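Database features, via TrEMBL:
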| type | residues | note |
| --- | --- | --- |
| TRANSMEM | A:6-25 | transmembrane segment |
| TRANSMEM | A:77-95 | transmembrane segment |
| TRANSMEM | A:116-133 | transmembrane segment |
| TRANSMEM | A:153-170 | transmembrane segment |
| TRANSMEM | A:182-200 | transmembrane segment |
| TRANSMEM | A:247-269 | transmembrane segment |
| TRANSMEM | A:281-302 | transmembrane segment |
| TRANSMEM | A:381-409 | transmembrane segment |
| TRANSMEM | A:429-447 | transmembrane segment |
| TRANSMEM | A:453-473 | transmembrane segment |
| TRANSMEM | A:485-503 | transmembrane segment |
| TRANSMEM | A:523-546 | transmembrane segment |
Amino acid sequence: MEQFTLNLIVVGLTFALYVGIAFWARAGSTSEFYAAGRGVHPVLNGMATGADWMSAASFISMAGIIAFGGYDTSAYLMGWTGGYVLLAMLLAPYLRKFGKFTVPEFIGDRFYSQTARLIAVICLIVASVTYVIGQMKGVGVAFSGFLNMSYEMGLLVGAIIVAVYAVLGGMKGITYTQVAQYVVLIIAYTIPAIFISLTITGNPIPALGLFSNTAAEGVPLLDKLDTVIQDLGFASYTAQTDTTLNIFLFTLSLMIGTAGLPHVIVRFFTVPRVADARSSAGWALVFIALLYLTAPAVGAMARLNFVDTMWPNGPQEDAIAIEEMPNWVQNWERTGLLAFEDKNGDGRIEYWADEEKNEAVKVDRDIMVLANPEIAGLPSWVIALVVAGGLAAALSTAAGLLMAISSAVSHDLIKSMINPAISEKNELMAARISMLVAIAAATWLGLNPPGFAAQTVALAFGIAGASLFPAILMGIFSKRMNSQGAIAGMLAGLLTTVIYIFLHKGWFFIPDTNSFTDADPLLLSIKSTSFGAVGAMINFAVGYFVSNATQQPPEEVQELVESIRVPKGAGAAQAH
Amino acid sequence: MSDKQSSNAYWRANIRTIWICIAIWAFVSYGCAILFRPLLSGISVGGTDLGFWFAQQGSIITFVILIFAYAWRMNKLDREHGVEE
């Protein structure tokens, strides 16, 4: 059977499964649409959170970025897992006790201010839309590879499918669908990794294979990789090349962003008890760690296999001849994400670090995971499985984010500020329209994304970490924090971070409108993806000084803070 | 002991637990994997050094253990202070 037909069958089957589950558990009332009626077991909730969390950035993009970035990119691994520790200890249990539906609702009530709530809605929308742009890049790569079309066409097809998918089901559909998606994506990620690890190191567990000897030469895998890529002029894989300051701030940005992203926090509103919010975070991280411990192995082995493909007999011998290029190369060349140029006209493609003589002129990092099973020559059903897994990852997160955006618009903005008398039917309609608008905007910006999928998503984390995380944290841990402090802090964190990002990535991510680049950033060595940590510090500082210079929060708000600190008396969420 | 005093004591115990967990959390990630990596470069792990292992796997494993340890400790505190649901 042809690869394409097989891809179609496997992707079709998994989709039928998700849509079936979504219909089976179709959302009825608005309360179910937002928070799934709160009856979800911590292990299942953890699994669904895992699927919700692991997006195109984790599944499709991250290992490719690690493959070409080595040690420096460890920030992604630590950042996107370490945030769960913060979530479990600093936010989730108290927000569950608070017992409302959305993050802006908490901010509005805790800071007794509709203005604070409005600003939280804005922060949420800016962070989530940026996040969806990253997902769209991943969706575009996956569909273009799978349907053999250009990246732009793949993006368009993907956007339509995301739209249909997200508008159809509410959170309830999504919770159970996401459990299924988690299972599909973890199998799809692990199986090729096991095959590849077995071939290269003889160890069936990729996470252990990474630190094992190669089967062929009997030298440590990482040693071999270091030697091979240094021969081509690249920096050593295991050595640090970025500055310590930037790696530190980048890791911190991703961690606080994890804890500040509304679509993840919302998950913890759906567990039955406060204690379950803590253990749910633990279970979520267990399921996430299964992929995150495998990812660095996938990255290192993919890099090695890629070099082997380009230099079949090693860099001392001839490079690969154009007519001997394997199938996967031709497939990905068609998408425009992989490009070669035979500069010296010898009929061979030479892969070097040196820009002058490198002939593999474009290797989009985001294709590595999807192309990996083909590069390693794995059976075609494995390739089909990876395509299905990548789509599951991208769709589940895009849907979760679009839920967060639509509930912020319909519930926090329209229902509580603009038109409180809105009917339930119109509220649902507003939710769906805001989803479609968000998808359209993200798709348009996804045509020229500000970076690879995981880098774009990292920007979203910086924005969430700089704006929402400090406000929620201070709302719980400081009784003194008042509305003026929170509002000034959120605005300062959001604006400094967004402006810093726009200065480096272009205004509103429009290409060529940037004044600086991440290679030569404005402040010290702080790249735009790392600035979220600085923005958060600014937020904390501004919040602290402004609140101390203004009135104490009212008595009843201080009592509210007291009450969310203890689990006792947490009921079901209050409907409005 | 009044409810108020009991919940204050509960909150202080919670904060103490959080600080301990945060210290471990920062030590493995920002410490071992980033700042102290040069100091740990003498300890080799499968073709590279301990800092690299912490950066790519060790931190993640520690994070998982930390959350469950925190959840377990808090469940105990909830009961001791009579604030469980």
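Here the Cβ of each residue, glycine as well, is placed from N, Cα and C on the backbone.
What TrEMBL says about a protein is an automatic prediction, not a curated fact.
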Against which stretches of its own chain does the transmembrane segment (A:453-473) lie, if we need a Cβ under 8 Å and a gap of at least six residues from its ends? 55-58, 60-62, 65, 76, 79, 90-91, 95, 103, 106-107, 111, 116, 120, 123-124, 126-128, 130-131, 133-135, 137-138, 141, 250, 252-262, 265, 366, 486, 489-490, 493-494, 496-498, 501, 505, 528-536, 538-540, 543
Taking 3+ C-beta pairs under 8 angstroms (sequence gap of 6 or more) as contact, is the transmembrane segment (A:429-447) in contact with the transmembrane segment (A:485-503)? no
Under a Cβ pair cut-off of under 8 Å, which of the recorded stretches A:153-170, A:247-269, A:281-302, A:381-409 contacts the transmembrane segment (A:6-25) most often? A:381-409
Counting only residues 6 or more past its boundaries, what in the same chain has a CB within less than 8 Å of a CB in the transmembrane segment (A:381-409)? 3, 6-7, 9-11, 13-14, 18, 34, 51-60, 101-104, 121, 124-125, 128-129, 131-132, 135-136, 138-139, 142-143, 145-146, 158, 161-162, 165-166, 169-171, 174, 177-178, 181-182, 184-189, 191-192, 195, 262-263, 266, 369-370, 372-374, 430-432, 434-435, 438-439
Given A:77-95, A:116-133, A:182-200, A:247-269, the one sharing the most C-beta pairs under 8 Å with the transmembrane segment (A:485-503) is A:116-133
